[in-house]
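Peer 1: Pasting a structure here, questions to come.
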């Protein structure tokens, strides 16, 4: 007669969430290039990996098939959701780091279980609360830190560099592509060599509630930089307004609120 194991769902979920979260945070430190990192995305990545892993655990009754699905499906999806690697080489590097950390942490957990017994499980809820709270606190600190940054617009051989402010009130999107629109002075059209044929019109409402049309164009690359971290935004949609909007301001661009998160 086979051995019967009891699995406590709450313990299983908390254990997996903590392992996934710590692994993803470790991957960020070990493998990630210098660019802006979304802690809230890490939180949801760990949560998604935990839920998907739990579903696989309770629906697959073969140990080896379970291990294969975790390594070939759950972990890659978790890394992709949490870290959004920009290219396959970086994705592979981050995935290998995640595998290594997962096995290392799993070994440490088994050692602690053998050394302390059930005391580890008693501390588990507090460890999860502490970790989740820390991730959310880092997210809000990062959001505040990224209110201002250095922006570089790249259009062929032409570049435009300016200080940018992330505005939670800017929710403007291009209707057709649904891409976020960041706003600069109309003077940048000429500086970046944007022709009239590249200009499109996007409807928007002013603070007073009046309906207007804004000229927008797609710039091949936008770089957002702060304290050595770089975020690449390919095919960024830029809106152009009257230069008076930025008169006396310490910044030259109003970023879409999406770039705060």
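Glycine too: its Cβ is placed from the backbone N, Cα and C atoms.
Just lifted these from TrEMBL, have a look:
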{"type": "TRANSMEM", "residues": "6-27", "note": "transmembrane segment"}
{"type": "TRANSMEM", "residues": "39-58", "note": "transmembrane segment"}
{"type": "TRANSMEM", "residues": "64-83", "note": "transmembrane segment"}
{"type": "TRANSMEM", "residues": "95-117", "note": "transmembrane segment"}
{"type": "TRANSMEM", "residues": "123-141", "note": "transmembrane segment"}
Peer 1: Counting Cβ pairs closer than 8 Å, which of 6-27, 39-58, 64-83, 123-141 has the most of them with the transmembrane segment (95-117)?
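Peer 2: Looking only at 6-27, 39-58, 64-83, 123-141, the most contacts with the transmembrane segment (95-117) come from 6-27.
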Peer 1: Ranking 39-58, 64-83, 123-141 by the number of C-beta pairs under 8 Å to the transmembrane segment (6-27), which range is first?
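Peer 2: Result: 39-58.
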